[in-house]
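Per TrEMBL, the feature domain 'PurM-like N-terminal' maps to B:30-142. Sequence annotations record features per position, and here TrEMBL assigns Mg(2+) 3 binding site to B:Asp32, B:Asp77, B:Asp214. As annotated by TrEMBL, Mg(2+) 4 binding site applies to B:Asp32, B:Thr47, B:Asp77. According to TrEMBL, the feature Mg(2+) 1 binding site maps to B:Thr48, B:Asp49, B:Asp125. Positions annotated as Mg(2+) 2 binding site by TrEMBL: B:Asp49, B:Asp77. Sequence annotations record features per position, and here TrEMBL assigns substrate binding site to B:His56, B:Glu266, B:Tyr324. Taken from TrEMBL, the feature ATP binding site applies to B:Tyr107, B:Gly124, B:Asp125, B:Arg150, B:Ser216. Summarising the annotation, TrEMBL assigns domain 'PurM-like C-terminal' to B:158-308. Among the features that TrEMBL reports, Mg(2+) 5 binding site is placed at B:Asp217.
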Number of protein chains: 2
Amino acid sequence: MLKIKDIGEFGFIDSIKPEETVEDLKVGIGDDAAIISPYGEFDIVVTTDMLVEGTHFLADTDPFAIGYRSMCANLSDIAAMGAIPKFYFVSLGINPERDFNYARDIYKGFNSLAEQFNTHLAGGDTVKSDKTIISITLIGYVEKSITIERKGKIEAKDLVISVGPLGYSGAGLEVIKNKFDGFDELVKVFLYPYPQIIAGRILGQSKLVRVMMDNSDGLASCIENLVVKNGFGAILFEEGLFDERLKAIAEFTNRNYLDFVFNGGEDFGLVAVIKKDGFLDLSYFLEKSLFNNSVKVIGEITQNKEIILKRLDNSLLEINKSGYVQF
Amino acid sequence: MLKIKDIGEFGFIDSIKPEETVEDLKVGIGDDAAIISPYGEFDIVVTTDMLVEGTHFLADTDPFAIGYRSMCANLSDIAAMGAIPKFYFVSLGINPERDFNYARDIYKGFNSLAEQFNTHLAGGDTVKSDKTIISITLIGYVEKSITIERKGKIEAKDLVISVGPLGYSGAGLEVIKNKFDGFDELVKVFLYPYPQIIAGRILGQSKLVRVMMDNSDGLASCIENLVVKNGFGAILFEEGLFDERLKAIAEFTNRNYLDFVFNGGEDFGLVAVIKKDGFLDLSYFLEKSLFNNSVKVIGEITQNKEIILKRLDNSLLEINKSGYVQF
């Protein structure tokens, strides 16, 4: 076993340095700071996330999966801004007694997802820590004409749409915990979620988006931030949320499947409020552009400030406006 | 005591949000990511550092000092690129049982230094962790015409210069540990070091700088990176390094004062290799522009690849080219 302490910080930095020159990266790993040269007409988008052993993962969790997942969380935030991910910076806290391959595999996890989006490691820090700590900062570009926030002007009759899975990650965890057979799609979203960068770009370019965020805290948080805090209500369609697989896992585990949808999170899809006019064309284009990820209309904005769920049997259920939604 | 867990993540985010609107910050704290709009002709400079309880500070270390110091480390990296600091992002790992004021004071420490350089908090992440973890990402701008790296073309007869204290921080720690009276200037550099942003800007604008870095790892690391790795040697002048106060502390603690200078680090000054022509004017301008911080010529680049220290008595001493320098 090659220990972290045997190769030292600089040896470690050398081992994670990308070999090729990267466009727009004037100064990369190894200097006091990195220098990035953005295109002329772009804004710089920055997001950062921290994962800590004991809170977000365990000492024996697969390091590749940890790296993949933390990169996904950051990419998903960039997707929610309609931006293009470009560079990432990693601060890693690591125990010097750890196997070098453990740290390498975390970086392999980062890169396996980042490289799919042409996103490169550009710097970071490595420090001694008893427990593993990962802090990623991801930098992207977005056209100055596109600024997609959570807070914004929405209108009655606007649509609430969802891109990607909703509730799969939470249900996938139950599949693993309870060792249910099948349900590979749920498990895949839990283990290897997919950030909706491409959908975010298409939505951003469409100019139809009023407000958008990623669904990593569950649908309840999206509705609270995008609808309630912007001064409106919504009628949500259970038809757009219903999923046979979620329902099966919910039954096996004695829960309501809507609990996964509203409170689960960690799916790394997108939820947006968008203008109704033009949505049909957009959704056709989105469906054709995405890999295996559904775009669904899940609700409509109402002047009335309540959040109503229209059940499959057409009955109406008022649900909490904020926080955890009890079913 | 108001515990972190009592106010929750969003309450905490609200408490650290700056109130005013900040120029160039299109979207700030509270969204998936921040959006920064740089000036037209600027590159984006990014640096990131992580500090972990148990490694960099103790559970009972003054939180304001922790915040101040970690901000200083990041600003110093920006200074070494000749750049203007603009925005910072903080990921904080914190135990929910901690006093809320503890976390507030860390942020006060960040801000007390950052605001001196018109640098603003723009986003971050807050996560649960047994031990306190601070990860700062600092973003600055620098003119596209200025790119100051560690690696670069240097020439024989170039000067090696130092800005700010060298060895004071390490000696200051000894003053505290041994409870020596006086030596306030050393203690101040250890507790509240000052990042050389202004000197970095002046040096960057001067176009005289060949290569530069901050001295946070000590002079030995600067010489290794700026001189040896760039294919040259140097003669260093003890006259430029000598300091009565360092000498006194070294004697009290049975060390050589040059040990503080070469191996101490954490002073957050700058070391550069610069062109000889024009330096006199520059040094006059630098001395007049800086608060209480000396600019010193500490050496000259030589074709010969050795690193020689010219002692006060004019004797010559060859010293290690890399790593720790033994005295």
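For all residues, glycine too, the Cβ spot is worked out from N, Cα and C.
Because the structure is a prediction, the values reported are computed rather than measured.
Listed in sequence order, the residues of the same chain lying 6 or more apart from B:Asp125 (Mg(2+) 1 binding site) and placing their CB within less than 8 Å of its CB are B:Ser91, B:Leu92. Here the Cα atom of B:His56 (substrate binding site) is found 11 Å from that of B:Asp49 (Mg(2+) 1 binding site). Sequence-distant neighbours of B:Glu266 (substrate binding site) (same chain, 6+ residues apart, CB-CB distance under 8 A): B:Ser169, B:Gly170, B:Phe190, B:Pro193, B:Ser216.
In the three-state DSSP classification, B:Thr47 (Mg(2+) 4 binding site) falls within a strand. Within the domain 'PurM-like N-terminal' (B:30-142), the DSSP-based counts of helix, strand and coil residues read 35 helix, 47 strand, 31 coil. For B:Asp77 (Mg(2+) 3 binding site), the nearest neighbour among the listed binding-site residues (B:Asp49, B:Tyr107, B:Gly124), judged by C-alpha distance, is B:Asp49. Of the listed binding-site residues B:Asp32, B:Asp77, B:Asp214, the Cβ environment within 10 Å is emptiest of other Cβ atoms at B:Asp32.
Cα of B:Gly124 (ATP binding site) to Cα of B:Asp214 (Mg(2+) 3 binding site): a distance of 25 Å. The binding-site residues listed here (B:Asp32, B:Tyr107, B:Arg150, B:Asp214, B:Asp217) include no residue with a Cα within 10 A of the Cα of B:Asp49 (Mg(2+) 1 binding site). Residues B:Tyr107, B:Gly124, B:Asp125, B:Arg150, B:Ser216 are listed as the ATP binders, and the farthest two of them sit 31 Å apart at their Cα atoms. Cα-Cα distance from B:Asp214 (Mg(2+) 3 binding site) to B:Thr47 (Mg(2+) 4 binding site): 13 Å (rounded to the nearest whole number). Checking the binding-site residues B:Asp77, B:Gly124, B:Arg150, B:Ser216, B:Asp217 against chain A with a Cβ-Cβ cut-off under 8 Å leaves B:Asp77, B:Gly124, B:Arg150, in sequence order. Cβ neighbour count for B:His56 (substrate binding site) (all protein chains, 10 Å cutoff from its Cβ): 20.
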